[in-house]
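Per TrEMBL, the features are:
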DOMAIN    5-127  domain 'Response regulatory'
MOD_RES   D54  4-aspartylphosphate
Amino acid sequence: MSGERILLVEDDGSQAKPFSQMLEYRGYTVRWAQDIVSATRIAREFDPHLVIVDLLLVSTEAEADGFDVITTLRSASFATQAFGIMVWTSHFVNAKDEIRALRSGADEYLRKDAEFGLIEARLEALLRRIRQLRGS
């Protein structure tokens, strides 16, 4: 189903822009945040169905990583609708980080080098669950 809103939290524009374009081509409305401050602001205004987060936000001035983004958004009082969180991160991240991300509130975890078809299938599955929770 197209039209769902996706917030992409990625500090590297060379990765965020083409990924956003692929999502938009498939009918999603995408907003991009580079750090925790802009992610929180955009999430409040945009009411995303899904947030896709890179764990390694190395170039942010807020000195917060993707784990901080996950916990902040999960505990946000402005979140009146259900939303999913998918981690989309580097292959440099290890199994302990994957466990930590899932325990912090992520619903799905994929590496950036995964085939786009797999990313898309997991994204669609997560959005189906979110639609059910939202009653839409």
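A Cβ is built for glycine as well, from the same backbone N, Cα and C atoms used for every other residue.
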Taking only same-chain residues 6+ apart in sequence, whose CB is under 8 Å from that of D54 (4-aspartylphosphate), what do you get?
V9, E10, D11, D12, Q15, G66, V87, W88, T89, S90, K112
Per-state residue totals over the domain 'Response regulatory' (5-127) - DSSP helix, strand, coil:
55 helix, 24 strand, 44 coil
Kindly state the mean pLDDT of the domain 'Response regulatory' (5-127) in the predicted structure.
90
